[in-house]
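Here's the structure, in structure tokens; my notes come after.
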Amino acid sequence: MDIAIQHPWFKRALGPFYPSRLFDQFFGEGLFEYDLLPFLSSTISPYYRQSLFRTVLDSGISEVRSDRDKFVIFLDVKHFSPEDLTVKVQEDFVEIHGKHNERQDDHGYISREFHRRYRLPSNVDQSALSCSLSADGMLTFSGPKVPSGMDAGHSERAIPVSREEKPSSAPSS
């Protein structure tokens with residue numbers, strides 16, 4: 001049984017019809033047509049704001065799954081190469097850091113950096129952790145769980161990011 005753990009603020013009571021501008025801010029992504037023509041969305045209601053209707057795989061949102069046999073983290077890092085990513089395990093936490101220096105794109109210069117930290121369950125076998133980056137930019141961090149009586153082994157170490165040639169098989173929510 002897979003359990004999808006997501007941040008609670010993404011589960012809105014009214015779904016995509018809830019007028020929220022704070023969570024619809026995607027810095028460095030460019031403007032959409034309705035951003036330039038706000039009167040089109042205000043003809044419906046002055047309080048209505050069109051949602052961006054982005055999927056989990058398209059918005060940079062991470063997904064954590066923990067079932068009886070394994071622990072998996074899916075993270076969209078499509079703007080980063082494996083050389084730009086650092087994955088470390090320190091005690092009960094996995095830290096994923098991505099940074100690429102300033103480079104030129106169609107609109108000028110851009111640089112990106114993120115830092116995510118996740119708590120590992122106590123029964124994850126830290127000696128068997130793996131991390132891979134799919135062709136479509138989905139980082140998958142996974143590790144098997146051990147029975148509760150066995151030692152999971154806690155230490156600090158870096159996890160290498162391997163490159164996969166096929167797209168991710170992560171489910172979109």
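Positions of Cβ are set from backbone N, Cα and C atoms, glycine also.
Under 8 Å, Cβ to Cβ, and six or more positions away along its own chain, SER162 (O-linked glycosylation site) finds PRO82, SER130, CYS131, SER132, LEU133. Annotation source Swiss-Prot lists O-linked glycosylation site at SER162, citing similarity to another entry.
Summarising the annotation, Swiss-Prot assigns N-acetylmethionine to MET1.
Taken from Swiss-Prot, the feature deamidated glutamine applies to GLN6 (among others).
Swiss-Prot lists SER45 (among others) with the feature phosphoserine.
As annotated by Swiss-Prot, deamidated glutamine applies to GLN50 (among others), with the evidence given as similarity to another entry.
According to Swiss-Prot, the feature N6-acetyllysine maps to LYS70 (among others). The DSSP secondary structure for LYS70 (N6-acetyllysine) is strand.
Mapped onto three states, the DSSP output places GLN90 (deamidated glutamine) in strand. The annotation deamidated glutamine is assigned in Swiss-Prot to GLN90 (among others).
Residues or ranges marked as N6-acetyllysine by Swiss-Prot: LYS99 (among others). For LYS99 (N6-acetyllysine), the same-chain residues lying six or more positions away in sequence with a CB closer than 8 A to its CB are ASP84, SER111, ARG112, GLU113, PHE114. Look at LYS99 (N6-acetyllysine): DSSP puts it in a strand.
Per Swiss-Prot, the feature deamidated asparagine maps to ASN101 (among others). In sequence order, SER111 constitute the residues six or more apart from ASN101 (deamidated asparagine) in its chain with CB-CB distances below 8 Å.
Under the DSSP three-state reduction, SER122 (phosphoserine) is assigned to coil, being neither helix nor strand. Annotation comment: Swiss-Prot describes SER122 (among others) as phosphoserine.
Feature annotation from Swiss-Prot assigns deamidated asparagine to ASN123 (among others). Take the CB of ASN123 (deamidated asparagine) and look out to 10 A: across all protein chains shown you find 18 other CB atoms.
Annotation source Swiss-Prot lists region 'Required for complex formation with BFSP1 and BFSP2' at 1-63.
Residues annotated as region 'Disordered' in Swiss-Prot: 144-173.
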Problem - Cα distance (Å, whole number) from LYS70 (N6-acetyllysine) to GLN90 (deamidated glutamine) - result: 19
Completion exercise
Filtered by Cβ under 8 Å and at least 6 apart in sequence, the residues in the chain of LYS70 (N6-acetyllysine) near it are SER142, GLY143, PRO144, LYS145
Fill in the blank from the handout: In all the protein chains shown, the tally of other Cβ atoms within 10 Å of the Cβ of GLN90 (deamidated glutamine) is 13
